[in-house]
């Protein structure tokens, strides 16, 4: 027998794994990261850097650079995200106007920019200038008449189809992951799931280009959700430049959380709202350090966008408004009604959209994504053009609906009858009955509302970048503006009613229809996404009106209550479940009285658990076990008889370790003994060199007893981000519970198909 002492000569060979080898600690595609392990690795790395920093000035400087690298990454993310958002805004503005006409003095100018430079523009006809020509004027020298209208109509549809076809083709050929809003996938990635390529350079490039094309095509979608995906792609790119983040998936996700905040910051011009959105809606693990860094990234991104000034109004968003009229307590009733509408619309949208997306997945419809995009674009363009409220871009529509009617407004919505000879009693509101333009606008808005509600259901989820924030806000803003005009006219015609009698000072506007549009927009967005705090902050950052927080809060909370009464899932969680991503939602409650022994594998009648022993298996035995199973890892026990647990070894690291040992260590052959103990086992003389794999062994795997309630197990998986958990009784291994086992069990308890959680 050869003792450990006789083998000292080969000790260095056997301990070759004390030096890390390539790819150790990385994860395969569509696997979940081990948060505890990543945290432990980062702590070890930090401890090593701190101890080395005392050795020399150079090591001290390196430790400072390491500490500052996080802030540098945030700065770079903010700069790139802000720049891309500015470029997207400018390009969308130009290409949206390109569907209707072209600027002769400089074809790259949008309609507004073209008329800014003109000296022949009058205030009343500020949208008309000789430099800007509609396609009918340019091609057939006619601006009015049936032939001009038909030509403009035809070219509007052709441009829309051209943009949409180019976008869906680019996505299909170069970056299939660039489709959708990206937020469901980012939520899943931030919870620890690996989807390689989803945040890659090609995805970033194609998503940026196609986002401009699809928004310009006039489809009922927004750029705000995809901008979060774009910002996270920027975060992933800059993370890969710093080993602190590129080699640690847990640290990388801290950067991605901050990048999501920067994305919302530039999407809405709302830096604080962006940080709260990342905290409330997207992030899974959000330590205090990430909160500060998110704040910094959002600040830099907003500052960069402000420097570019894409809208030419020194604001970060197109629909910035300021109201000068206070709101009154009696108005809370219509605000709450708008909240109810938002909750009902959110429920309707989620159910119909998920049903349509499921149909797309399970029928032949899913095989023709290009045709689907072309058909939906054609229907949208054909129906949208005749109605001025659906023809323009959705952001411009929301901007007009939010606007307060001032003396200089030329919108149809502000066509009130102003008679200077009319007397105004002291206790009356200003006499402003609605004119014909307002009534025309009302029925056009009603038609536009029905159209938006229906078409958005079919648009969201197609194989193109598609955000949901702007269409949801548009639905709410249209409903809100109509309610606002209704309340305003009611107050005018029935000013002697007790609820209106003491509202206003003489000469002041009592009801602001634009405020109702804003509250309606918040209610509908809240009903679809189930956001509350971040939603209210985003909305008041949009409008700059702190005094309207209470109406916004009332509408947001009401819409969430109403929507939650029909189902707890928001649109993003619904799409996560539809796609089968392994996502454990922190908001879900598990109230069933099951135990770990009910969920663990193996079950009764199943084959025993595949395990490794600490010092009695050969390299060939281990390789056979790996080949015959597809498990992500194996528990290591003292022996198959005692089944006393020693630790846990990951499949990927076993494969890499054996492969490296065969290449770098002499004497390792198929019948070499693999051991996970500190000292080698006693072996017969002339036996091949054993292989020590203790370094890849996790000596502190998370364990629970077989009588642990599943409520506790689910909580542990959520809060610690575990991949798997071993089940023991008195130190003896009984089974294993993986994250997918937990998700399957939760689905089963909720009377759903347990296999529906498998990644699709």
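Note: Cβ is positioned from N, Cα and C throughout, glycine not excepted.
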Checking feature assignment: transmembrane segment per TrEMBL, candidates 107-129, 130-152, 153-175, 291-313. Which range matches?
153-175
Candidate ranges 388-407, 408-427, 468-487 [criterion: TrEMBL lists as transmembrane segment]:
468-487
Range annotated as transmembrane segment - as stated in TrEMBL, picked from 195-215, 489-509, 552-572:
195-215
Which listed span TrEMBL calls transmembrane segment, if the choices are 18-42, 43-67, 68-92:
68-92
Where else in the chain does the transmembrane segment (515-540) make close Cβ contacts, counting only residues six or more beyond its ends and a cut-off under 8 Å?
264, 268, 270, 272-274, 276-277, 279-281, 321, 323, 325, 327, 334-335, 338-339, 341-347, 349-350, 398, 401-402, 468-469, 472-481, 483-484, 487, 546, 548-549, 551-553, 555-560, 562-564, 569-572
Check for me, if you would, whether the transmembrane segment (68-92) reaches the transmembrane segment (468-487) - at least 3 Cβ pairs under 8 Å, residues 6 or more apart in sequence.
no
Looking only at the domain 'CBS' (697-755), report the model's average pLDDT.
89
State the non-local partners of the transmembrane segment (227-243) in its own chain: residues 6+ outside its ends, Cβ under 8 Å from one of its Cβ atoms.
69, 72-73, 76-77, 80-81, 84-85, 88, 181-183, 185-186, 189, 199-201, 203-204, 207-208, 211, 252, 255-256, 258-260, 262-264, 266-267, 282, 301, 465, 467
Looking at the stretches 153-175, 255-279, 332-356, 441-461, 468-487, which one shares the most CB pairs under 8 Å with the transmembrane segment (368-385)?
153-175
Candidate ranges 195-215, 441-461, 468-487 - greatest C-beta contact count to the transmembrane segment (332-356) (under 8 angstroms):
468-487
Please list, for the domain 'CBS' (600-664), how many residues fall into helix, strand and coil according to DSSP.
24 helix, 17 strand, 24 coil
Give residue numbers and ranges for long-range contacts of the transmembrane segment (255-279): same chain, 6 or more residues beyond its ends, CB-CB under 8 A.
70, 73-74, 77-78, 81-82, 85-86, 186, 189-190, 199, 223-225, 227-232, 234-236, 238-239, 245, 285-286, 290-291, 293-302, 304-305, 315-317, 320, 469, 531, 533-535, 537-538, 541-542
